[in-house]
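Per TrEMBL, the feature domain 'Major facilitator superfamily (MFS) profile' maps to 110-523. Look at TrEMBL and you will find 110-133, 145-168, 175-195, 201-224, 236-258, 264-283, 338-358, 378-399, 411-430, 468-492, 498-519 tagged as transmembrane segment.
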Amino acid sequence: MNSPAAVNPQLRFSPATIFQNPRRIRIRSIRLPHHLDESSSCCTISTLTSSANSKRIESQHHGYRVRSSSHLLRKPRVSSDDAQPSVPFYESEVSEPSFLEFITSERVKVVAMVALALALCNADRVVMSVAVVPLSQSRGWSQSFAGVVQSSFLWGYLISPIAGGTLVDYYGGKVVMACGVALWSMATFLTPWAAENSLWALLSMRALLGVAEGVALPCMNNMIARWFPQTERSRAVGLAMAGFQLGSAIGLTLSPILMSQGGVGGPFIIFGLSGFLWVLVWVSATSSTPERSPQISKYELQYIQSKRKKSIKAETSQTKSTKIIPPFRRLLSKLPTWSLIIANSMHSWGFFVILSWMPIYFKTIYHVDLRQAAWFSAVPWSMMALVGYFAGVFSDNLIQSGMTVTLTRKIMQSIGFIGPGFALIGLIMAKSPVVASAWLTLAVGLKSFSHCGFLVNLQEIAPQYSGVLHGMSNTAGTLAAIIGTVGAGFFVELVGSFQGFLLLTSFLYFSAALFWNIYSTGERVNFDEAT
């Protein structure tokens, strides 16, 4: 059987040429000899077509084998523009990365930087949970007013997530995150100065901290949606939120030590300067999308693209074409949106009540000193960071095994709400600080499963509006957190017991889990038309 080259010596395509652009091969360019009759021409053309296709496929597989064996030895660079590779890759053609390849990939470096930003975010906000005790003693604040001071952070946090989420959808996560970290680091750094001058200055700095930190989670969602395929997003969120929870542990553990060495303002200054350093590294070492990264390997870029249902270019153009004023009425007309809002509200209620009041809880109920109270409060957040990653891996494995995305999200969210609900009941009945800390650790650890529920679900029901959806649900969650944080202080003063408030929180967890299981979905929702 004659090859294409034998039939027409002028037709020469190297394997590299075919691999780089197979569309350059055109059968009509083959010239058959005149002595072949019409009947044999049909047969020969069919044979040549099969031969050309076989050669193209063989060349592609040869190129893939060479790339697969050599991508660990050297990482070729790609262009910084948004152009797609000339050859589309499909899921069957790009092998799954090993664990070593995953943890050393560029996308994990990006999510590690996001996790560090979230650690600073939470450390900056929890410092006041420890500092409020000596500040209350020196200034004669009541418990209810101490709750007002702590909730001042939430005043700013209430107004910024929607605007921040809209900016993230429009400008991307890298720029907005850099601006946010710089602003909240400045507010943290200036808090000691504000506390010495006036109460209003202190409240203003805490409110400014909330305004800046309102963009953190929408930016996290945006970066993960751009850098990770759906089959890896749960573990990516687990890694990022692990940094968020470790920030609580770091802030609660280091703050008493730094205060003993540098006064009440010590931890504010240290964490503020750390934020400025993070911004310098973030701006110089990360990219907003994989195709803009000068460090990413061709293998990793092709793997990310092969796992996406739509190309990065389509997602990027869709994001950039999103209107600066999103369709709020249509977004609020769907019940899956309300399932997200209810879930975020309950998550924030429990999170901020535990975060703000546990040091005081251990001090007043079990008479543990401040340093030990910070330790009892920090252990649960460390457990949450650890459990959160494994919950993400478990969630991704469920989807990869064939379980629907909707059922997976419902399972994870149910564990994240029903588990803490029962654990808080156990906390109420605890007779010693060690047992109480164990129940609290269980509650906060199981709470991390909700990160693989509503937090990932934002990207799935509306990827083009994930930022503003996160902002809307965050605003509702912040309002719930304000009510919970301030309400806990007034509840303790009026009733004289913190256990009743924990019982109320447990009941709200069960109710939110029920609403989620009825109305949530893992499928994309059509927000182009209102119901």
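Here the Cβ of each residue, glycine as well, is placed from N, Cα and C on the backbone.
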Legend entry - Contacting positions for the transmembrane segment (264-283) when only residues 6+ beyond its ends and CB under 8 Å are counted: 113, 116-117, 120, 123-124, 127, 130-131, 134-135, 174, 177-178, 181-182, 184-193, 195, 251, 254-255, 258
Legend entry - Other parts of the chain folded back onto the transmembrane segment (110-133), taken as Cβ under 8 Å at six or more residues beyond its ends: 141, 146, 149-150, 153, 177, 181, 184-185, 188, 206, 209, 213, 216-217, 219-220, 223-224, 227-228, 236, 239-248, 250-252, 254-256, 259, 264, 267-268, 271-272, 274-275, 278, 281-282, 285-287, 355-356, 358-360, 363, 370, 374, 377
Inset, instruction - Using a Cβ distance cut-off of under 8 Å, indicate which of 236-258, 411-430, 468-492 has the most pairs with the transmembrane segment (338-358). - result: 468-492
Inset, instruction - Find the member of 145-168, 175-195, 201-224, 411-430, 468-492 that has more C-beta pairs under 8 Å to the transmembrane segment (498-519) than any other listed stretch. - result: 411-430
Legend entry - Long-range neighbours of the transmembrane segment (145-168), counting only residues six or more past its ends (CB under 8 A): 125, 128-129, 132, 135-136, 176, 180, 202-203, 206-215, 217-219, 221-222, 324-326, 352, 356, 360, 467-472, 474-475, 478-479, 481-482, 485-486, 488-490
Legend entry - Cβ-Cβ under 8 Å with the transmembrane segment (468-492): same-chain residues at least 6 beyond its ends: 143-144, 146-148, 150-151, 154-155, 157-159, 161-166, 169, 210, 214, 217-218, 221, 326, 328, 331-332, 337, 340-341, 343-353, 356-357, 454, 458, 461-462, 498, 500-501, 505
Inset, instruction - Grab the same-chain neighbours of the transmembrane segment (175-195) for me: Cβ-Cβ under 8 Å, and only residues 6 or more beyond its ends, written as numbers and ranges. - result: 114, 117, 120-121, 124, 127, 135, 164, 167-168, 201-202, 204-206, 208-209, 211-216, 218-219, 223, 263-265, 268-269, 271-276, 278-279, 282-283, 288
Inset, instruction - Looking only at the domain 'Major facilitator superfamily (MFS) profile' (110-523), report the model's average pLDDT. - result: 84
